[in-house]
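*Asks:* Starting off with a structure, shown below.
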Amino acid sequence: MSQAKVPAWVNIALIPFLNIMLAFVVSGLIILAIGEDPIEAAGYLIYGAFGYDEGVGYTLYYATNLIFTGLAVSVAFKGGLFNIGGEGQAYIGGLGVGLVCLALDHTMPFYIIAPLAILGAAAFGAAWAYVPAYLQARRGSHIVITTIMFNFIASSLMVYLIVNWLKEDGRMAPNSRTFEENAWMPYLHELFSPLGIDIGDSPLNVAFIIALVCCVFVWGLIWHTRWGYQLRTLGTNPTAAKYAGIDTAKVTIWAMLISGGLAGFVGINEIMGVNHSLLLNFTAGYGFAGIAVALMGRNHPIGIILAAILFGALYQGGSELAFEIPTITPEIVIVIQGLVILFSGALEHMFKDRIEGFFIRRAVA
Amino acid sequence: MFETLILMLDATMRVSTPLIFAALAGLYSERAGIVDIGLEGKILGSAFAAAAGAAVFGSAWIGLFFGIMASVSLAMVHGFACITHRGDHIVSGVAINTIVAGLTVTLSMNWFGMGGQTPTLSGDSRFLSVTLPFADALANVPVIGLIYSELLSGHNILVYLAFAMVPVTYWVIYKTRFGLRLRAVGENPHAVDTAGISVAFIRYRALIVCGILCGLAGAYLSTAHNAGFLKDMSAGKGYMALAALIFGKWRPVPVLLACLLFGFLDAVAIRMQGVVIPGIGEVPVQAIEVLPYVLTVLLLAGFIGKAIGPKAIGRPYVKERA
């Protein structure tokens, strides 16, 4: 089956669109099955996500986390690696951010804390990805299993650290103390209001800008550097990569370090941007959602931004929907997310082969 | 001291049961070459279906039937994606886990409206503990009495079934024609195909068995170990079973031992809460909790033995066409 004869738009737009539509249709059937009107539900969802300024802000705030984890998954994917450990890397990345903020917020100004916190997020996230990466590259243990194990290890480690060491004295809640305001990532609505632009109060903060910068960085890195070429070669054909003289172990390790670092940035948005303290379970499944985002975004930064905004809209619209129709819980969004992973990931060949076949036959005829 | 040990082993048996079911489920699937990250989702799905069925029909057995049906359906989705459409096994597993995590809460809120729980089960709608014959009579005999009446007696039927599944699995995998073919499909599907046997059909059957066993694990959680379904009640047991499967190197008896070890660590973690050991101080519970995962990583890294999985695992089989 020759790829060249299939028009580009089929692969870029038509097949992903069909897969997503199928996921939505099945979600609609589920909503129908629990006795509600899917069209009405979709209306509330879209209004909640895009209908007013705060809604848009929330959508983009959720999208920020998803861009980070989506990029993280896709960088690893490009090298043929399945990093299922975004959840743990994001969690530990948040620890890096929290430690920097807790250590410096009394003494240092924001412009010193912010770069150090960003560095902390990347370094901690990358460090958490390093061990599975090393074991995959040098000792042949499967990265999927080790990253899953590291998610659980991260979760226990964080409970231990927060409950035993970082918890605020005399409080029951397992949180660290709240950071001083000079360690807060500025909200975008605060930055915009002096300019006379009102974008509505929302947790949307500078981390969103950082996420967009990361997209440009990943795009440049993967498609416009020698290393990116090596990564893509490794992902497409590991044997060829080896014979071409690429140090595959080294590329594997670096791909995972970058992936882990990107996942760690979730900590910037959540810890420094919104919660302003270190707390348990702030990653809330974003690491896994990143898999859906990367699959739907076809591992390309532009696709990832679009997919992240779509999922961000589902998260935000889902809360609105649950408010309007109480019989539908926000968890319906998780179902939709899973269906997207199923149809655009696991069942990607279902339509692809047939549609490609159709276009090839048409081209031949 | 002896009594404490017996009580901890007793707890170990109860905690290990879902792990044994799920790890054996994974064994059938992975020995046939299908990676199953979706154990977690199947357990959770079955736990919900079993609790819902038991609550509505008032019978634990009907609940079990629904649990197994739910789990087998999910296994078939996995098969449809991985076998029929040559999809990525990991992606499909993640999809199933995600869908189930959302769907169980959505449905239970909608059906029962109790904050994502099912009604509390009692009486016939739960699997209650079985007292083995003479357990009461022997209770006062030293050593043996305690072992028999505390450790061996007084579990529900699913616990005994889990332990019984280990020799059954051993027999099926190593002594039957189906088992031979199943292992062959996981090692060298081409050879099986050449012999004129359908690779896809064997893999589908392996997944059905996997689904049934995960169904038992889920039903155990919600209708035997607990009295109803709770949101996310599988709490990583599927992943821990996966770790036990690897730790036991994909072989029934070592897998059982791995499950018992992990179950025992869990029992230890609960007992060690806040206990100060002389010379060491208080051991953090989390340190014991992570041991199964740390041990599995060490094993995978080849620091304690070597874990080598089935050769053709995770690879879709494409039939050659002339």
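The backbone N, Cα and C atoms fix where each Cβ goes, and this holds for glycine too.
As annotated in TrEMBL:
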type     : residues  : note
TRANSMEM : A:12-35   : transmembrane segment
TRANSMEM : A:55-77   : transmembrane segment
TRANSMEM : A:89-106  : transmembrane segment
TRANSMEM : A:112-131 : transmembrane segment
TRANSMEM : A:143-163 : transmembrane segment
TRANSMEM : A:204-223 : transmembrane segment
TRANSMEM : A:251-272 : transmembrane segment
TRANSMEM : A:278-295 : transmembrane segment
TRANSMEM : A:302-318 : transmembrane segment
TRANSMEM : A:330-351 : transmembrane segment
*Asks:* Near the transmembrane segment (A:143-163), which same-chain residues lie under 8 Å Cβ to Cβ, leaving out any that are not at least 6 residues past its ends?
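*Replies:* That would be 81-85, 87-89, 91-92, 95, 128-129, 131-133, 135-136, 174-176, 256, 278-281, 287.
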*Asks:* Is the transmembrane segment (A:251-272) packed against any residues at least 6 beyond its ends, judged by a Cβ distance under 8 Å, and which are they?
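*Replies:* Long-range Cβ neighbours of the transmembrane segment (A:251-272): 61, 64-65, 68-69, 71-73, 75-76, 78-79, 81, 83, 85-86, 89-90, 92-98, 101, 114, 117-118, 121-130, 132-134, 136-137, 143, 179, 183-185, 205, 207-208, 210-211, 214, 218, 221, 227, 230-231, 234, 241, 278-279, 282-283, 286-287, 290.
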*Asks:* Establish whether the number of Cβ pairs under 8 Å between the transmembrane segment (A:302-318) and the transmembrane segment (A:112-131) reaches at least three, counting only pairs separated by 6 or more residues.
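*Replies:* No; fewer than 3 Cβ pairs under 8 Å.
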*Asks:* For the transmembrane segment (A:204-223) and the transmembrane segment (A:12-35), check the count of CB pairs under 8 Å (sequence separation 6 or more) and say whether it reaches 3 or more.
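*Replies:* Stretch pair does not touch.
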